[in-house]
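Reviewing the structure listed below.
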């Protein structure tokens, strides 16, 4: 059992300390500089939020703006009674310019309601329909120009088509009739030059409007389902919570059975796979073409072709046989370590039972994370809307001034207007040329970085708190009599009072890696259109490397926080000691990690599957006893999916506590083996089951 490395490259084993009785209570502050940096960063983050809230206007994201950058339907503006945005020619929204400027290159005005009839300007300008038509022309329009001049200057749209409001914007009410796109009952319209054109040319850029309208109806039906089923959804989530608690309790008694059943099932499944491959190999003997080699056949897009080759089944059989042999050999040589892992899992269940309030701590983490997300999201929105209105020249021809900034008040008399008669000066986007506007990108990056830092700090605080509570349990020689009062609250207080700097240090390292990954994703999106294969390959390698680095740092931080909770050392010392301790027991680490991963996966699948099946039978009225109780629904999958997702999150919250307990007890167990020898002066703190597996005894206890 003692074949793991005990010294050398991975440090020196812990020595016996007669004063050590678990988490050290008399400790000092650690990593004070990082604590100061975190406080300064939070002050700066608050300042950024105040600046963003002062300059920003979220209405720019929520509400539409016309060609002059004025809001539609907002109180206190001249468009207060005009809540909808109307496009003169929505067909131009299909222009690639929209992707660059985020605005359609067509005049847009705020209107009281969307058009409900089909009219052309040519027919309406000298008829009784002109008063109706005029409300869709630019404000202040007077019928003093010819038809061609009005359409050239963009004073009025060439045609009105029946439209429906969606997100306060007027979209054509498109439907199909015998394979032809229809708007109302018309398929053609007259332009300003008297020629008739197919209406589909006008609304080509809005063909997806029907799909969007259907999505809106779908959203309304889903909302209706939630209003009638929310009570039963809550009941389903409560059942998931009770099942999670029950599973953690049962692990104390059934962990061994579950692990060994899993191992036997894996061996049997692999054995059946070998048998099946052999039978397929024998069956194909003598069939035409079955003896062709994989090399001769080459790559085929239809992968089923390979299943007709004997060589394929031979390769499968060899691979499965190797896996079977490896698993059997591991079971033979690692059986005792598997038993240790099972014993630790059982002990973790006892620890959670004695510190039951730890199961509620994920709610604290959840609330703090919600606070971080809300502050980040609101700051991001205010930053993105703190720009000024920028107006540009739009022209669907070849105007040399297209895309340049302009002033809508003076554009009509400007030189650009004379040289480009068909051009329009309209609102393009929100931007600016001041120092503040140039720094917006940097402020957004800082906002994202601070979100990662604070979110990781919240998670670190939870890990240190739980580790301190469960370490108090392990190092209590007589459990639970020696367990301190309120171990969870004591651990939380120690973490905040002494180790805010260490938590900030670990969270900072992880946040730096995460913000680099975000930047790499941004660059990858920008390079997708490029054809440089080397750049794409390099970007893929960088993304993979930083993903692996983040996983490793998460693992290292987690174990460092356990050491911080126990010994009160700074982050670097704790990380070093935890890493060396794990490396001296690397085989035990690997076995415990895989066994616990399986049990947690099994628990989550069991809880989510059970609650999901129960929800399915209930909401589909297949349980006769409660057929009249289940509410009528538009889509029964809405509450079922909600229950399944909510059950998974609840189970994940419970098992995150349980996983932290297992990791903490495991490190304490390794420390216990190195510090103590079972003598009267140096008794083991591990459970009797673990001592029995390791053939260890406490002499003093044995004599008594």
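Each Cβ is built from the backbone N, Cα and C atoms, and glycine gets one as well.
What you see is a predicted model, and the numbers here were worked out from it, not measured in a lab.
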- Message: Please identify the range among 530-552, 599-621 that TrEMBL labels transmembrane segment.
- Response: 599-621
- Note on the structure: TrEMBL feature transmembrane segment, matched against 496-520, 671-695, maps to 496-520
- Tertiary contacts of the transmembrane segment (599-621), as residues 6+ beyond its ends and Cβ separation under 8 Å: 229, 232, 236, 239-240, 243-244, 247, 251, 255, 258-259, 262, 345, 627, 630-631, 633, 636, 639-640, 643-644, 647-648, 650-652, 655, 658-659
- Residues sitting near the transmembrane segment (496-520): Cβ under 8 Å, six or more positions beyond its termini, same chain? 27-38, 445, 448-449, 452-454, 456-457, 459-461, 464, 539, 542-543, 546-547, 549-550, 553-554, 557, 560-561, 564, 568, 570-572, 574-575
- Contact call for the transmembrane segment (633-655) and the transmembrane segment (448-476): at least 3 Cβ pairs under 8 Å, seq gap 6+: no
- Recorded stretch, among 30-53, 257-275, 313-333, 448-476, 560-579, maximising Cβ pairs under 8 Å relative to the transmembrane segment (353-377): 448-476
- Touch test for the transmembrane segment (30-53) and the transmembrane segment (313-333), at least 3 Cβ pairs under 8 Å: no
- Task: Mind checking which residues of the chain, 6+ beyond the ends of the transmembrane segment (448-476), have their Cβ under 8 Å from one of its Cβ atoms?
- Result: 20-23, 38, 41-42, 45, 348, 351, 354-355, 358, 361-362, 364-365, 368-369, 372-373, 375-376, 380, 482-484, 487-488, 490-492, 494-496, 499, 503-504, 506-508, 510-511, 514-515, 518, 557-558, 561-562, 564-566, 657, 660-661, 663-665, 668-669, 672, 685-686
